[in-house]
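Colleague: Take this structure first; my questions come after.
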Amino acid sequence: GRVEVYHDGKWGTICDDRWDDQDAEVVCRQLGLSGNPKALSWAHYGKGSGPILLDEVECSGNELSLDQCKKSDWGQQNCDHIEDAGVSCDPFTGIDLYGSQMCPVLVLYYIACSTENITASGSCRGTVRLAGGHSPHEGRVEVYYNGDWGTVCDDGWTDISAQVVCRQLGFR
């Protein structure tokens, strides 16, 4: 699907300049997906809207997240949405686990916990936690947003969603 990232309170796309299979490999890894990563360009999955947040992404393919890749500064780009980057993590991308419909967007919650993202309580905006479980390894998924912890609706929730949260929390 089209790759969209969330940064500084906004969703946006990634420009396909220098976008290649090594970048796709990192995106698939960050989402907790295996398969055969393939980079797609020229808005293969349709043009996004809103800001284009990243450009000139150059991963070696070994990084754990896009944050570790060489890239432009956030919002610095010279692109139009016809250049929105896409990724296939075949056999997983493009398959809706509830049917066989195309999945148009791969989303990455990209939260760098810089000083402006640290709240007065010491939490990072966008932080994920597990609450109400019998151990630190289980519980209800909650996300810190706008000064409050909130729950995540389970509509469309899959084992892959759980894998992403577990990796975000540092579990395997």
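In case you wondered, yes, glycine gets a Cβ from its N, Cα and C as well.
Annotations in TrEMBL come from automatic prediction, not curation.
According to TrEMBL, the record shows the following:
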- Cys15-Cys79: disulfide bond (DISULFID)
- Cys28-Cys89: disulfide bond (DISULFID)
- Cys59-Cys69: disulfide bond (DISULFID)
- 1-90: domain 'SRCR' (DOMAIN)
- 128-172: domain 'SRCR' (DOMAIN)
Colleague: Enumerate same-chain residues with a sequence separation of six or more from Cys15 (disulfide bond) and a Cβ-Cβ distance below 8 A; give 'none' if the list is empty.
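Modeller: When sequence neighbours closer than 6 are ignored, Cys15 (disulfide bond) has Ile52, Leu54, Asp55, Glu56, Gln77, Asn78, Cys79, Glu83, Asp84, Ala85 within Cβ distance under 8 Å.
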Colleague: Tell me the Cα distance separating Cys59 (disulfide bond) from Cys28 (disulfide bond), rounded to the nearest angstrom.
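Modeller: So the Cα of Cys59 (disulfide bond) lies 12 Å away from that of Cys28 (disulfide bond).
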Colleague: Could you give the number of helix, strand and coil residues in the domain 'SRCR' (128-172) as assigned by DSSP?
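Modeller: Helix (H, G, I), strand (E, B), coil: 10 helix, 16 strand, 19 coil.
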Colleague: Pick from Cys28, Cys79: which of these disulfide-bonded residues has the biggest number of other Cβ atoms within 10 Å of its Cβ?
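Modeller: That would be Cys28, with the highest Cβ count within 10 Å.
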Colleague: Out of Cys59, Cys69, Cys89, which of the disulfide-bonded residues has the smallest number of neighbouring Cβ atoms within 10 Å?
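Modeller: Relative to the other disulfide-bonded residues in Cys59, Cys69, Cys89, Cys69 has the fewest Cβ atoms within 10 Å.
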Colleague: Tell me the Cα distance separating Cys59 (disulfide bond) from Cys89 (disulfide bond), rounded to the nearest angstrom.
Modeller: 16
Colleague: Could you put numbers on the helix, strand and coil content of the domain 'SRCR' (1-90), residue by residue per DSSP?
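Modeller: Result for the domain 'SRCR' (1-90), in helix, strand, coil order: 16 helix, 28 strand, 46 coil.
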